[in-house]
Amino acid sequence: MSHPPKLRLGVNVDHIATLRNARGGRAPDPVRAALLAIEAGADGITAHLREDRRHIRDDDMARLKAQISRPLNFEMAATEEMVRIALATKPHACCLVPERREELTTEGGLDVVGQHNALAPAIARLSEAGIRVSLFIAADPAQIEMAARLRAPVIEIHTGGWCDAITDGHHDKADAEWQRIVAGARQAYAAGLEVHAGHGLDYATAEQIAALPEIRELNIGYFIMGEALFVGLAESVRTMRAAMDRGRDRATGATA
């Protein structure tokens, strides 16, 4: 069977901004982290401008767009304010995510079935501006079907449930979540969607999911930044890249 294309790695720099904001000031700089990640092998940079600006700030997004040499993936809620900022920033891509002020991190996927009427105008405006829109959703058949109907070209499968089950030692749940991801990736690919994945991935889970030929990109931040405390950012990015490449070497099919 044919071999799928190289799997792209998007490195999320939100947690560099979290550390900076814990004390105030300008250091550590998420743009510097992005540049180092690209030098170490990242194919793109992801950053989430939340409504409460708890980590990434408006000027971070502007500087990332101006200074990095790889695609910028702008994570955002589908609000009027964020659409306006995205249209002004003109990133390569916007990933629409759910957002609640009380959450520590994005806890679930978008409910595109329940919110399709609100999402459709945002998707249309961003797409008309030449920005590639992705929807961060669970590997649920109804959500994937609606994502295709909304004509967003990309979905990002939320892998948090699978990763958490592995970490907690819940093997049956992990297996069930994994099968959902496999089925969801196949369904989305068959519907003509480009498939990305992210949330909670580490070296082992990134290597495993890299073997799914339908998946084109992984977006990973927290684990890479945590490992960077011990081995350095460049080394953690290189090790993640190597893990993904090992997994990809086991993938066959889905070459289009």
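Cβ atoms are placed via backbone N, Cα and C, with glycine included.
What Swiss-Prot records for Asn12, Arg23, Gly200, Gly221, Tyr222 is 3-amino-2-oxopropyl phosphate binding site. Taken from Swiss-Prot, the feature 1-deoxy-D-xylulose 5-phosphate binding site covers Asp14, His15, Arg50, His55, Thr105. Annotation source Swiss-Prot lists active site, proton acceptor at His48, Glu75. As annotated by Swiss-Prot, site 'Transition state stabilizer' applies to Glu156, with the evidence given as sequence analysis. The active site, proton donor feature in Swiss-Prot is assigned to His199; the stated evidence is sequence analysis.
Neighbours of Asn12 (3-amino-2-oxopropyl phosphate binding site) among the recorded positions His48, Arg50, His55, Glu156, defined as a Cα within 10 Å of its Cα, are His48. The shortest Cα-Cα distance from His48 (active site, proton acceptor) to any of the recorded positions (Asp14, His15, Arg23, Glu75) is found for Glu75.
Taking the Cβ of His55 (1-deoxy-D-xylulose 5-phosphate binding site) as reference, residues of its chain lying under 8 Å away and at least six apart in sequence are, in sequence order, Asp14, His15, Ala17, Thr18, Asn21, His48. Mapped onto three states, the DSSP output places Asp14 (1-deoxy-D-xylulose 5-phosphate binding site) in helix. Take Asn12, Arg23, Gly200, Gly221, Tyr222, the residues named in the record as contacts for 3-amino-2-oxopropyl phosphate: the widest Cα to Cα gap among them comes to 25 Å. Of all the recorded positions listed (His15, Arg23, His199), Arg23 has the fewest other CB atoms within 10 A of its CB.
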